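Trainee: Dumping the structure here so I can ask a few things about it.
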There are 2 protein chains.
Amino acid sequence: MERRGLLYIVSAPSGTGKTTLCKQIVHIVPNLWHSVSCTTRQPRPGEEHGREYFFIDDRTFQEMIERQEFVEWARVYGHWYGTPRKAIADKLDQGVDVLLEIDTQGAAQIKKKFQDGIYIYILPPSLKALRTRLQMRAGDSAEEIARRLKKAREEVWSYREYYYIVRNDDLKQSLKELESIFIAERIKTKRLDIGWLEANFILDKEDKEGESP
Amino acid sequence: MERRGLLYIVSAPSGTGKTTLCKQIVHIVPNLWHSVSCTTRQPRPGEEHGREYFFIDDRTFQEMIERQEFVEWARVYGHWYGTPRKAIADKLDQGVDVLLEIDTQGAAQIKKKFQDGIYIYILPPSLKALRTRLQMRAGDSAEEIARRLKKAREEVWSYREYYYIVRNDDLKQSLKELESIFIAERIKTKRLDIGWLEANFILDKEDKEGESP
């Protein structure tokens, strides 16, 4: 039996450090591919087309919706975000695990279709800590920070929809927890390769005779 | 809300390396206590009373059964094995996680009472590898090795009763997988401390005012 890839979905209130964690975890966990989403928002300083996002214009985004090229899409803070379908399906078919870094709206859409996905929520240590982080991040206006914080306050409670909670207090500890989720999910009994089991634990006649006392 | 400890149950066919793994994992995972069972079998070379087992005589064992001091007990290879109840209950009440290293019969008894336990099965890489390991282990007669191997061949299929499977091919890798199970289980959403959440994510009036744009 060919192994099919697992789908890991990671969400977090804005400013929680989700992007940093997701960028690093793919270097720690083997056989894991980080899906790149499309967005109509402007790149932030340091972001690169095709790495953090595919930065596309509104018209291209609408055309992709019409051609059903997104597995989910949503409007967040006045911009469109969408997850391209084909690349993900290809990776899963190849037996590669896929990491989706998406917002709570997107995750809710995915969850309707993929109950078997592994849903992970990142929380900041506290709302106070989150405010400090948003204020320190470059490129956002005071108004945008206030808007994000208000939204984060509501989004925290989406945690119920996820299977695991990572409290992102210390980066190293959070990476260790994320890695543990990825490893533990892969060795769940329901994912065991029965072909491997049969090949190694069903003896042929010769083996059996060698074992008799 | 006080955190209650989690109960981890580890089983494996005889000779799979379960004891080595369990001995080491308690040094890696914090806040984890390895329960010590009672047995009427003789100590193997290097084993110590109160560390690997409490080595007790048949009469003491029967008295403990009568006083209902075991959470489970079973006769394996002609000897009695039992898991003392009180020490485990105390640790769980104190919020300490407990590791039970028991055979498949014992695990099945525990599972009837503790559905919420985390059941982990260790498998050898193959039956051939298992035979080699049993032959290399000191202190067992050829007859006992044959008996253990025959039993192991049947016990492999008990894997279905467990939630995770660790293939013990490489000790370091197996320890990493075990550790991941312990960590991932602790951060499942259903174990989240709601008190912590409320304390850090529900703002008082002053905080809210500070956030308005």
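Backbone N, Cα and C atoms are what each Cβ position is placed from, and that goes for glycine too.
Pulled these from TrEMBL:
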DOMAIN    B:5-183  domain 'Guanylate kinase-like'
BINDING   B:Ala12, B:Pro13, B:Ser14, B:Gly15, B:Thr16, B:Gly17, B:Lys18, B:Thr19  ATP binding site
Trainee: Go through B:Thr16, B:Thr19, the listed binding-site residues, and name the one with the sparsest Cβ surroundings, counting other Cβ atoms within 10 Å.
Mentor: B:Thr19
Trainee: So what's the mean pLDDT when you look at the domain 'Guanylate kinase-like' (B:5-183)?
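Mentor: Mean model confidence (pLDDT) across the domain 'Guanylate kinase-like' (B:5-183) is 93.
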Trainee: For the binding-site residues B:Ala12, B:Ser14, B:Gly15, B:Gly17, B:Lys18, which one has the sparsest Cβ surroundings, going by other Cβ atoms within 10 Å?
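Mentor: Per-residue Cβ counts within 10 Å for the binding-site residues B:Ala12, B:Ser14, B:Gly15, B:Gly17, B:Lys18 bottom out at B:Gly17.
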Trainee: I need the neighbours of the ATP site defined by B:Ala12, B:Pro13, B:Ser14, B:Gly15, B:Thr16, B:Gly17, B:Lys18, B:Thr19. Which other residues of that chain put their C-beta within 8 angstroms of the C-beta centroid, in sequence order?
Mentor: B:Ile122, B:Pro124, B:Asn168
Trainee: So how many other Cβ atoms are close to B:Pro13 (ATP binding site), meaning within 10 Å of its Cβ?
Mentor: 27
Trainee: Should B:Lys18 (ATP binding site) be counted as helix, strand, or coil on the basis of DSSP?
Mentor: helix
